[in-house]
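K.L.:
Got these off Swiss-Prot a minute ago, pasting:
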- 32-496: domain 'Topo IIA-type catalytic' (DOMAIN)
- K40: site 'Interaction with DNA' (SITE)
- H76: site 'Interaction with DNA' (SITE)
- H78: site 'Interaction with DNA' (SITE)
- R119: site 'Transition state stabilizer' (SITE)
- Y120: active site, O-(5'-phospho-DNA)-tyrosine intermediate (ACT_SITE)
Amino acid sequence: MKEAKIENIDFGNALSERYLAYALSTIMSRSLPDVRDGLKPVHRRLLYAMLQLRLEPNSGYKKCARVVGDVIGKYHPHGDVAVYDTLVRLAQHFSLRYPLIDGQGNFGSIDGDNAAAMRYTESRMTEICTLLMVDIEKDTVDFRPTYDDSDLEPVIMPASFPNLLANGSEGIAVGMATNIPPHNLHELCDALVHLIDHPKAEISDMMNFIKGPDFPTGGIIIDKAELINAAYSTGRGSFRMRSRWEKEELSYGTYQIVVTEIPYQVQKSKLIEQIAILLKDKKIPLVSNIRDESTDIIRLVIEPRDRGCDPQIVMESLFKLTNLESRIQLNMNVIGSNNVPRVMNILEVLQEFLAHRQNIVTRRSTYLLNKIKHRLEILEGLRIAYLNLDEIIKIIREEDEPKAIMMERFKLTEIQVEAILNTRLRSLRKLEEQEIINEHSNLQKQQAILEEILNNPKELWKIVKKEIKAVQTKFGLNTVIGARRTSFEEVTLTNQVVDITAFITKEPITIICSKMGWVRSLKGHNTDLSTIKYKEGDAEKFIIEAYTTDKILIVSSEGRFFTLLADNISKGKGTGESIKLLVDIGNNDITNILVHKSDQLLLLASSIGKGFLVNSNEVMAQTKTGKQIMNVPDGHTCIACLPVNGDSIACIGESRKLLVFNIDEIPEMKKGQGVTLQKFKNAKLLDIKIFNKEDGLSWNNNGKVKLEKNIIAFLGKRGSTGKLPPMGFHKNNRFSS
């Protein structure tokens, strides 16, 4: 038995080499498209398998299971689910601007519904798909062995139209990603023709033709032209996109808003669900209802709460809170013709495509020229055979080795003799000299044209230009599939803040929050609290007088702020609803609840003895998850959030030391841990109080208010330890019992 050889290598080097190999495989063979045909390997193999199955646009459909089986069996040794998902996407009219596959059956929907199983669906290629593989049989591209060396597959497709930009691409590799939106083919062809006529054209020239993305789902791009051009100049950027909507007048002066197009890759069902949740949470008070009346076309009906609402303001509030407005990324990271992945700008992508087409036309012309030369050689031999027909037939009949004799006797080449010998005697007898002469003459004319194309770059570029214009004619703006779907509009209302409180009647309310976190609101102020009932084991914790138009700040023990509209708090005399249904407070306690007042200073303090001042406008949260303002270490909590309505602060902790200092010693911050308020050793800060020094320090002791005017003994600098509190101070070391 042969002894095993064990080689010691560095683990780090081995790991890096293998990870690099994996990364390269992911980038080159899976995730990034080729700039020339806009396809990834799985797309290329799928379409080539359909070509081999002769699934032309005018042929019958075949089961998708048959197609997928051929792909994974011959070319792509991966899971059938991944291949079928690819096939489905190439057939979805809402995913691809120019679908490459014509599907029959259930291929999913814009609601996010899955396609039917591959055994039920059928497919064939679309007309534009055939343009990707036109002339592939004419030696226009290289082929390589398949994974098991049993067949050949194309390295690249001839691609007679710029599929990368026309249909876009998405992919996530290792350390890099690509995100290219679809574009209008007519505009791309215009840009390519201009680039052929003006090889030194710049990016700005291209942008005169390419206005921006053109999505299969339509929509409106609301960015300025300068921002769009800047994105294409670098190959990186993003586009803001909005749904298309219109106002429908109804009877009695009412109206409804109808959304007819939604942003690309937004699932309609999830969009409706998103709006419904906002309605339930009372986050969009301008809207009363939404319903889906879509058929083959999208029709989302939004009903305003009041007919006096400006529909533009209603939609602005929805754009701000929902995916009716979304951002589309641009990252043109592709594999170049040199097999190196990099980010290209729009000009470089177009130049790479034209270079590819130049190479395709050159290789096709060379192939056709060689075929013509081969045929001309054969025709010369057939003409000689016609002139010496009887003698040639005699040689064929009588000689055992007629090939050598014919080559020597008539000065024929081996190719010519093979052609004569492979022709039936009956066909030889039917040869007519005029037919041979005519075919020979026609082929010589074609030969001259092809030689001119190969020898004269101008003629070659004329052919490239002619073929691009042919594509433009077939799929241009005047066709159903070619008409631009996405429009452009510079929106000035995007940054407008919609004040939803303007649509709420201002009424006094009293907000009640219990110790167990149940919150409710009662009409009016000065409410009789004795009539309020709580759940068993629960009791009051916060009582706040506010108005329905107020915004309420909720501070959690982890230092996170939440914002609620007072009108959204449960109304009535029941036990209310859990605060956890309104905000994502988790298992944290509520430190305080207070009414938001613009530009008011708030003092935050934690049990570790630190704190800072923060402007109330900085703590406003826009989402249910809140906004982290005070960073609290593990094992500690945010113990206080108080409005600053005095000039001094008093601190007391577990050490039973009282410290008083000027509020001006505390800095104003936007977020963080803050500065040390009181110094402790193995103790925590328990309570703070803000007061005016000249009024004295007061505290509550078993229902009695006590006042200490002489506080000189407790004055100190911020960060000091303090001194024992005055006689009669409550034993719980807090300013309220």
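Placed from the backbone N, Cα and C atoms, the Cβ positions cover glycine too.
Walk me through the surroundings of each of these features.
P.N.:
Secondary structure at K40 (site 'Interaction with DNA'), as computed by DSSP, is coil.
Listed in sequence order, P41, V42, R45, L46, V83 are the same-chain residues at least 6 apart in sequence whose CB falls under 8 Å from the CB of H76 (site 'Interaction with DNA').
A C-beta separation below 8 Å, combined with a sequence spacing of at least six in one chain, links H78 (site 'Interaction with DNA') to V42, I72.
DSSP gives R119 (site 'Transition state stabilizer') a coil state; it is part of no helix or strand.
Its Cβ placed at the centre, Y120 (active site, O-(5'-phospho-DNA)-tyrosine intermediate) has 13 other Cβ atoms within 10 Å.
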K.L.:
Fewest other CB within 10 angstroms, which one of the recorded sites K40, R119?
P.N.:
R119
K.L.:
Could you state the whole-number distance in Å separating the C-alpha atoms of Y120 (active site, O-(5'-phospho-DNA)-tyrosine intermediate) and K40 (site 'Interaction with DNA')?
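P.N.:
Computed Cα spacing between Y120 (active site, O-(5'-phospho-DNA)-tyrosine intermediate) and K40 (site 'Interaction with DNA') is 26 Å.
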K.L.:
For the domain 'Topo IIA-type catalytic' (32-496), report the average pLDDT of the model, please.
P.N.:
92
